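Structure first, commentary second.
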């Protein structure tokens, strides 16, 4: 039996509407999700894997240094007056080396290598890196703080060692060129033959102090970041590839072959989160994104703040802070003991980096207000000093990331060392870094063309197919049954009643109105 032409058109239009409904709301999201699962995994053939192994553009690495303008007074116990100098801008290139895949457990191992190049054009106007700054002597203070904490009975010997190693310093401050203290290094004189300096230098060499490089003739060179520059990090990191389960992509499962740390207490020793360079897709804003920092030996869990956009792509902004270890049960295990936590907003780096320093947000943002009363010259601002990530939730791509961390040290006060007896004992800032990532136009456009433009086209097309298909089906049905509809309109069961005007009873004209005789008037 052949369908009438109008019903054929209606069937075709209805099919278009049904296809638009099924494809637009069922098939396409399923296909997209399946494709993303393949693309976001760290398999060898994906673009994500290539970018994960070697980021094809430089990150912004900015350093701000606090100049102690009243060092002589601080030596006598006065409140430090600080002047922030910066940024000193460095181009940071990141790559993963010695990469090995392990099919049996869907993991991948690697080591890190970072390379820094000073960029004077992107630094603050006039800064060359040759400026001389006055800051607390990080190495000298570090030695004193470590001995005071671990072997206080040896403080007297350390005092003699300092006089030999640092040539009888007049105070605990360092006057040094910026690039020397950051990368090039400053000489630590270990050529002295006296017992105290020699014994101390032998211990330094044995311990392998962070930032220290052995030079010829028993000299050491110390810098903050120099040992990281163009050097392969010794730690072997193991993460999930996400081929078996894409939601596990980038998850840290071991460092140096160990599946947990031994430096904290309880759950703080667990590896939670990704390595910070890749995140799983399809994360709802109600969930936190987690990343494990091998530099700080801890997990950060940024939380959702608000909707944002970057170069036309919708993103979710997540923010983070250091935390309040004393009052947050989840973070209390980062304290050496439950009741010996640092002030809010500070984290002790000694267990992780072997360095007696504290990290915080810059300018003590979101920290114990008492910290701001110990120094002058700080102005915390959430827009300039906060940690934030603009995260594309479908692919899990960080579009913009700003990791800002400040390094602080305690001005140790002790009567056993002449240079330290009048110090305040307060925690003061040394410098802070702003490590930033912003996807450039090339990679944003690539993301748009591979994902968002097809998604928008399908979004428009599905509504067009459903709307016009439904309309076409209705019109076809109406045209097919139009004659029948018209007949129903005119014949049907409805009867037409004949209206017969009512005939009124004839009346004589006299009945209509009786003549009235005029009233007689007597004159």
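A Cβ is built for glycine as well, from the same backbone N, Cα and C atoms used for every other residue.
Since we're looking at a predicted model, the values are computed, not measured.
Looking at 438-458, 459-479, 480-500, the range tied to transmembrane segment in Swiss-Prot is 459-479.
Of all the recorded positions in the list 229, 268, 297, the shortest Cα-Cα distance to residue 335 (disulfide bond) is found for 268. If you draw a 10 Å sphere around the CB of residue 268 (disulfide bond), it holds 21 other CB atoms from the protein chains shown. Averaged over the topological domain 'Cytoplasmic' (1-11), the predicted model reaches a pLDDT of 59. The shortest Cα-Cα distance between residue 229 (N-linked glycosylation site) and any of the recorded positions 268, 297, 333, 341, 440 is the one to 297.
Taking the Cα atom of each, residue 352 (disulfide bond) and residue 440 (N-linked glycosylation site) are about 34 angstrom apart. Taking Cβ-Cβ distances under 8 Å and a sequence gap of 6 or more within the same chain, the neighbours of residue 440 (N-linked glycosylation site) are 57. Listed in sequence order, the residues of the same chain lying 6 or more apart from residue 341 (disulfide bond) and placing their CB within less than 8 Å of its CB are 325, 326, 332, 334, 335.
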